[in-house]
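Here's the structure we're looking at; comments come further down.
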Amino acid sequence: MASYRLLLLCLAGLVFVSEAGPAGAGESKCPLMVKVLDAVRGSPAVNVGVKVFKKAADGTWEPFALGKTSEFGELHGLTTDEKFVEGIYKVELDTKSYWKALGISPFHEYAEVVFTANDSGRRHYTIAALLSPYSYSTTALVSSPKEGAL
């Protein structure tokens, strides 16, 4: 029964993450956006450090972009369509610092998502994460850029 409740909480959180945010956030012109929700408090995760890396031809990870989530738990403007070319990317969320700032000792040092972008044509990606001190889950919302949004 406890696992069922946890599953429902996670699903509800992911719905919140995909729909929460300021008016017009769904119309974002950003080709890569990050949304983070605190599952413990049921609110956006504010000031989460985000680092994005791009995999180089030699297999190393090169820094690509960085920032922190806003009061809405979102990070826009990480890159442009011109710079966000086909490739393998890694998004790393500094979950340890987030939980430590709240006085909680977390299990994970960070949460990461590794994905291939734009291999099927130009797309916009929203990486959504649901955080708790001992677990995290992620999902991606992938869409075609809207006409006139480029």
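Residue numbering: from 1, along the chain as shown.
Positions of Cβ are set from backbone N, Cα and C atoms, glycine also.
Feature annotations, reproduced from Swiss-Prot:
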SIGNAL    1-20  signal peptide
MOD_RES   Cys30  sulfocysteine
BINDING   Lys35, Glu74, Ser137  L-thyroxine binding site
MOD_RES   Glu62  4-carboxyglutamate
CARBOHYD  Asn118  N-linked glycosylation site
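Features recorded in Swiss-Prot, as mapped to the structure shown.
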{"residue": "Cys30", "record": "sulfocysteine", "Cβ neighbours (10 Å)": "20"}
{"residue": "Lys35", "record": "L-thyroxine binding site", "Cβ neighbours (10 Å)": "28"}
{"residue": "Glu62", "record": "4-carboxyglutamate", "Cβ neighbours (10 Å)": "9"}
{"residue": "Glu74", "record": "L-thyroxine binding site", "Cβ neighbours (10 Å)": "23"}
{"residue": "Asn118", "record": "N-linked glycosylation site", "Cβ neighbours (10 Å)": "17"}
{"residue": "Ser137", "record": "L-thyroxine binding site", "Cβ neighbours (10 Å)": "17"}
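In the three-state DSSP assignment, the secondary structure recorded for Asn118 (N-linked glycosylation site) is coil. Separating the Cα atoms of Lys35 (L-thyroxine binding site) and the residue listed as 'N-linked glycosylation site' is a whole-number distance of 20 Å.
For Glu74 (L-thyroxine binding site), the nearest neighbour among the recorded positions Cys30, Glu62, Asn118, judged by Cα separation, is Cys30. Taking the Cα atom of each, the residue listed as 'sulfocysteine' and Glu62 (4-carboxyglutamate) are about 20 angstrom apart. Taking only the Cα positions, the spacing between the residue listed as '4-carboxyglutamate' and Asn118 (N-linked glycosylation site) is 18 angstrom. Across the residues annotated as binding L-thyroxine (Lys35, Glu74, Ser137), the widest Cα-Cα separation comes to 16 Å.
Cα-Cα distance from Ser137 (L-thyroxine binding site) to Asn118 (N-linked glycosylation site): 23 Å (rounded to the nearest whole number).
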